[in-house]
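> Copied straight from TrEMBL:
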- 8-158: domain 'UBC core' (DOMAIN)
- Cys95: active site, glycyl thioester intermediate (ACT_SITE)
Amino acid sequence: MIASQLQASRARLFKEYKEVQREKSADPDIQLVCDDSNIFKWTALIKGPSETPYEGGVFQLAFSVPEQYPLQPPQVRFLTKIFHPNVHFKTGEICLDILKNAWSPAWTLQSVCRAIIALMAHPEPDSPLNCDSGNLLRSGDIRGFQSMARMYTRLAAMPKKG
């Protein structure tokens with residue numbers, strides 16, 4: 001049973017890998033890369049969505065895919081520091097229902113990236129992992145939140161000039 005699950009998981013990831021290679025130009029906001037030596041380890045570079053404080057930033061995500069994938073969700077975290085209510089500032093952990101109880105095997109690593117980009121554009125301040133960020137939004141201080149988020153985007157997610 002275990003071996004066949006592992007084979008199914010590998011086959012699924014290999015299929016996703018081939019799709020990612022094919023679709024590189026189709027989704028310019030997402031660059032998914034598989035680790036050369038381990039198909040269960042992936043990284044992604046995602047572009048901050050336009051008209052958000054993250055615009056212009058490029059954020060790196062780390063994927064750790066379980067051997068039970070796609071029956072279980074991947075673990076995903078931000079490697080790039082981001083000021084967002086649903087992302088833990090120190091660990092990069094992401095609070096997103098599809099990565100927890102709303103996971104479905106229909107999701108792919110690519111669609112998870114899209115969901116994370118959507119979360120960046122539409123934060124959920126009522127379930128914060130970053131309380132400072134959540135409190136700013138909950139108290140209605142949108143400008144305060146945006147200026148902090150923009151500052152961290154500039155510091156952590158933009159290429160240094162010079």
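Yeah, the Cβs are placed from backbone N, Cα and C, and that goes for glycine too.
Help me see these features in their spatial surroundings.
Of all the Cβ atoms in the protein chains shown, 17 others lie within 10 Å of the Cβ of Cys95 (active site, glycyl thioester intermediate).
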> Would you report the average pLDDT that the model assigns to the domain 'UBC core' (8-158)?
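Averaged over the domain 'UBC core' (8-158), per-residue pLDDT gives 96.
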